[in-house]
Amino acid sequence: MSFVVDSVIMFSSQVLFFGFGWLFFMRQLFKDYEVRQYVVQMVFSVMFAFSCTMFELIIFEILGLLNSSSRYFHWKLNLYVTLVALIFIVPFYIGYFVVSNIRLLQRKRFLFACVVWLAFMYFFWKLGDPFPILSPKHGILSIEQLISRVGVIGVTLMALLSGFGAVNCPYTYMSYFLRNVTDSDILALERRLLQTMDMIVSKKKRIAMTRRMMHQHLSLIQQEVDALEELSRQLFLETVDLHATKERIEYSKTFQGKYFNFLGYFFSIYCVWKIFMATINIVFDRVGKTDPVTRGIEITVNYLGIQFDVKFWSQHISFILVGIIIVTSIRGLLITLTKFFYAISSNKSSNVIVLVLAQIMGMYFVSSVLLMRMSMPLEYRTIVTEVLGELQFNFYHRWFDVIFLVSALSSIVFLYLAHKQAPEKHMSF
């Protein structure tokens, strides 16, 4: 009877997660588009529901909610459904809608979609060759073989996003990196923009007049107009950038702005520490055996020499930490997906992009569970390890450190060049 009750609780929560994914799809991703393919909305919502359920099971594992056998069953069910969606369903529909957008292939789109899916399966399977993730004792379609490959892609995506976010967050929040923009700078640039627009209008009038007389200098004037229009676009973008910077300067003087400025300093320290630790882990081939909370409490207790129940408090603090990681991961990923969708979507590509985002989201959450295992106390890792199978967990942590370090250092160089170029660009105008 307890299994039935536990299953009702799990399926009820999945319905809630499905509804939230459905609303997010309608009110955020597709609020400017007409929904023509409900299968896309269904796939995205199902992927979101099962991804969130894995995080829910981690919290249930720490709190000891539900029967142990029930949790194990739902762990297996969620992983298998997620893997089937990631490897079979979503890639097939991505190929199907890509082919549907090509006129020459529309009549045989199902056949060509199958060809695209087979190509995906080939490269997905070959992905395991360069990495130490294979085991000869596991079957071809065993859960270990599938998770290991999904984990490589997902961990790579996580590390890239984490590396860029660790650098971009303090750069965005800290007022130290803001350019000193005054009202006179904005007025001067707006005046230059108006002068350029007047010159464009004047030259277009000359083009209209010379066309009547079949003047031979028509092409030369048209080239000048094209150059002025390009200049006007650059001036307009620079004007918008100056207005945004001025607003950020005013915002940084408010209480909330000062709070985010403090967060920027905190995250800059975290970024330096994370880069340092990633370097140490790579150089010395080191992977932690104890979760960070327990290790931190043990060091503090030994240093201060006080009596403290390390096991009891590490469980509670680990639960809070894991909860924060889960909430921030879901929130951060949804914000990133929304920005990415608005940046590149169109009427024809919107379905394909949503399915690609669903694929990224599923791989991201599976990899989050894989890496989050290290943040859990040892007694709570057992069932997660049993469900995920005999994977090379140390490899994924080292791989995360390598990609994180490359992403963070590349982001530092990119943001440094962008920040250095911005004032020079402003001065040139």
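Placed from the backbone N, Cα and C atoms, the Cβ positions cover glycine too.
Features as listed in TrEMBL:
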type     : residues : note
DOMAIN   : 142-207  : domain 'Golgi pH regulator conserved'
DOMAIN   : 251-420  : domain 'Abscisic acid G-protein coupled receptor-like'
TRANSMEM : 6-26     : transmembrane segment
TRANSMEM : 38-59    : transmembrane segment
TRANSMEM : 79-98    : transmembrane segment
TRANSMEM : 110-127  : transmembrane segment
TRANSMEM : 147-169  : transmembrane segment
TRANSMEM : 262-284  : transmembrane segment
TRANSMEM : 317-342  : transmembrane segment
TRANSMEM : 354-376  : transmembrane segment
TRANSMEM : 396-418  : transmembrane segment
Intrachain residues whose Cβ lies under 8 Å of the transmembrane segment (262-284), provided they are six or more past its termini: 166-167, 169-176, 397-398, 401-402, 404-405, 408-409
Top partner of the transmembrane segment (147-169) among 110-127, 354-376, 396-418 - counted as Cβ pairs under 8 Å: 396-418
Model confidence over the domain 'Golgi pH regulator conserved' (142-207), averaged pLDDT: 77
Residues of the domain 'Golgi pH regulator conserved' (142-207) by DSSP state, where helix covers H, G and I: 59 helix, 0 strand, 7 coil
